[in-house]
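The following features are taken from Swiss-Prot:
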DOMAIN    9-295  domain 'Protein kinase'
BINDING   Ile15, Gly16, Val17, Gly18, Ala19, Tyr20, Gly21, Thr22, Val23, Lys38  ATP binding site
ACT_SITE  Asp140  active site, proton acceptor
MOD_RES   Thr172  phosphothreonine
Amino acid sequence: MSKEMKGQYEPVAEIGVGAYGTVYKARDLQSGKFVALKNVRVQTNENGLPLSTVREVTLLKRLEHFDHPNIVKLMDVCASARTDRETKVTLVFEHVDQDLKTYLSKVPPPGLPLETIKDLMKQFLSGLEFLHLNCIVHRDLKPENILVTSGGQVKLADFGLARIYSCQMALTPVVVTLWYRAPEVLLQSTYATPVDVWSAGCIFAEMFKRKPLFCGNSEADQLCKIFDIIGLPSEEEWPVDVTLPRSAFSPRTQQPVDKFVPEIDAMGADLLLAMLTFSPQKRISASDALLHPFFADDPQACSKQEHFTHICTATDEVK
């Protein structure tokens, strides 16, 4: 942490160590509020920070001005040299005590009420639509990157960090999960905002199942598990700019949604299939997903607090 940041923030607890660095819960000494500090190490060369990292930090500084109820607020970005070969980028976010993974793990049987899932998904897609309208592809959506406040407010985190994270990966031998990655990413094809909608579809199914939908242990295995459910795409749909041919996979037919997500209702099943469409061009957008009949009944009709009173926050507040 830079001298300026040390004078402004007081770390009080380590709350996570992952592929992309260490996250601390800290107190803002000026406001007294808690924040989340994320330290990311970036490899440098003889010319200093890679240009891609400089561009990404510039993007992050622009994101400081974002103000959306379903986006985690980025409050500050600071880069400071640690050695000739390494620079530490410190990101300061608003602090939220639990993520969706923790939240779902606390849900008692038989699972979340349908209205709660509608509420969570509507907020999730609203945040995602906002990112996409601002030309930001998240690339790494998963339950750990979706935060849920004790009052049930959903906030997307870790957006706009893809290039910085790719630099960090050279320094950290941690395997990043493949379970929420879109087929075009697994096939190393070109991709854009539809990759996030695929990930959102996987998370949508997980809200019903309370466990991941596709649990592959390699890119090929992940694709096999996907095709076991959605069926093997046609030759016409298979991307041309990939090294893995369609013939590498055995023929499969699409499974009924109620077979792999038996808890889902008819409208939810229709939306899920639209989100888990193989072709990115045919996959529903976040904006169109928000207009889907699944959300026709207002999820705010019931008291939001009633939905969330049975689920406490992931960690106790540090006094």
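Placement of Cβ uses the backbone N, Cα and C atoms for every residue, glycine included.
Note that the structure is predicted; figures quoted are calculated from it, not measured.
Summary for the binding-site residues Ile15, Val17, Val23: the Cβ-based neighbour count within 10 Å is maximal at Val23.
For Asp140 (active site, proton acceptor), the count of additional Cβ atoms within 10 Å of its Cβ stands at 22 [all protein chains shown].
Across the fold, the C-alpha of Ile15 (ATP binding site) and the C-alpha of Asp140 (active site, proton acceptor) stand 19 Å from each other.
DSSP classifies Ile15 (ATP binding site) as strand under the three-state reduction. Cα separation, Val23 (ATP binding site) to Asp140 (active site, proton acceptor), rounded: 17 Å.
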